[in-house]
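Straight from Swiss-Prot, the features:
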BINDING   His111, His115, Tyr132, Asp292  Fe cation binding site
BINDING   Tyr132, Leu133, Ser134, Gly135, Gly136, Asp164, Asp185, Ser264  substrate binding site
Amino acid sequence: MIILGIESTAHTFGVGIVKEENNSIKILANVKDTYIPPQGGMKPSELARHHVEQAPIIVKKALDEAKVNMKDIDGVAVALGPGIGPALRVGATVARALALSFNKKLIPVNHGIAHIEIGMYSTNAKDPLILYLSGGNTIISIFFDRKYRVFGETLDIALGNMIDVFVREAGLAPPYVVNGVHQIDICADKGKEYVELPYIVKGQDMSYSGLLTAALKLLSKRNLPDICYSVREIAFDMLLEATERAMALTGKNEILVVGGVAASVSLKSKLEKLAADRGAELKIVPSQYSGDNGAMIAYTGLLAAKHRVFIPIEKSIIRPRWRIDKVDIPWR
């Protein structure tokens, strides 16, 4: 079985192709193009325009890289949510067009579930406590009774979004990442003094908006590297407190980190210490799968297709607020 997957939930348009043969799964292609705004944040209309322009190019590149054509494809998987509406619509439209034109099954995929599943596949995690950390999501989850249950999450903005907004407003970005290192880490590593900022954890839930607002107000008053250092340390320590509490509650001895923030070296260092203290194993999704990508959609689509999870074209509406705990998982 060969599945083509389309990702377009935010700033990335990606296409992945995954093949299963003789119970062996291989990722044949994982091609993407990410939109970086010249200034400011992401504007939905600009994202949609980027995706429309890149879609035919990325689809062709993926097929060429995989050395297959659409006749070889058994199903088209697409991320229908959560995400930014105009961006989601482009991916959904491309997926519908391919499915109709080549008479292929259409497979609905939840973007967050795809992040988790590619993490499970690439790290060989078995039954972990999952930290899903990205620009739009900060979720602590486990799998139980056919669903990924949420044990903790952000009460307002996501960890990744908070950090991105801060470095942008501080004049450090774009670009947000330089040679694989986020601007917050580049700046924070020069900091020496801790600046007191809001630290808000409620049970296993976190709130990052107060931290962001307070840090921005200090930009003209304190040394920038010190503010960066304090923002990073407080933000990650909030997550660690919630994570440790969730580990105690669930009894898990394995931590899986997925999503774009999983690439943070400083967060990895903190989580390694936490895992060691609790006798747990830390597993982090490889960098090529941490950010948004088409391979994770194709892989999750493959799992879904094997359990006959398809959707008619007329019902393939986008779901910008589609939570991971609302998705039934028949393959686990």
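All residue numbers here begin at 1 and follow the chain in the order shown.
Quick reminder: no glycine exception, Cβ is built from N, Cα and C everywhere.
The structure, with features from Swiss-Prot marked on it.
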{"residue": "His111", "record": "Fe cation binding site", "DSSP (3 states)": "helix"}
{"residue": "Tyr132", "record": "Fe cation binding site", "DSSP (3 states)": "strand"}
{"residue": "Asp185", "record": "substrate binding site", "DSSP (3 states)": "helix"}
{"residue": "Ser264", "record": "substrate binding site", "DSSP (3 states)": "coil"}
{"residue": "Asp292", "record": "Fe cation binding site", "DSSP (3 states)": "coil"}
List the other residues in this chain whose Cβ sits within 8 Å of the Cβ centroid of the Fe cation site residues His111, His115, Tyr132, Asp292, in sequence order.
Thr9, Gly112, Ala114, Ile116, Ser134, Asn137, Val258, Gly259, Met296
Residue among the binding-site residues Gly135, Gly136 whose Cβ has the most other Cβ atoms within 10 Å
Gly135
Closest of Asp164, Asp185, Ser264 to Tyr132 (Fe cation binding site), Cα positions, binding-site residues only:
Ser264
Taking the binding-site residues one at a time (Asp164, Asp185, Asp292), which has its Cβ surrounded by the most other Cβ atoms within 10 Å?
Asp292
Determine the Cβ neighbour count for Ser264 (substrate binding site): the number of other Cβ atoms within 10 Å of its Cβ.
24
Taking the Cβ of Leu133 (substrate binding site) as reference, which residues of that chain separated by at least 6 in sequence fall under 8 Å from it?
Ile139, Ala158, Leu159, Gly160, Leu239, Val257, Val258, Gly259, Gly260, Val261, Ala262, Leu267
Asp292 (Fe cation binding site) and Ser134 (substrate binding site), compared by Cα position, are separated in whole Å by 9
Spatial separation of His115 (Fe cation binding site) from Ser134 (substrate binding site) - C-alpha basis, Å:
10
Just to verify: the residue among His111, His115 with the fewest other Cβ atoms within 10 Å, which of the binding-site residues is it?
His111
Inter-residue Cα distance where the pair is His111 (Fe cation binding site) and Gly136 (substrate binding site), in Å
11
List the Cα distance (Å, whole number) between Asp164 (substrate binding site) and His115 (Fe cation binding site).
20
Around the Cβ of Ser134 (substrate binding site), other Cβ atoms found within 10 Å total 24
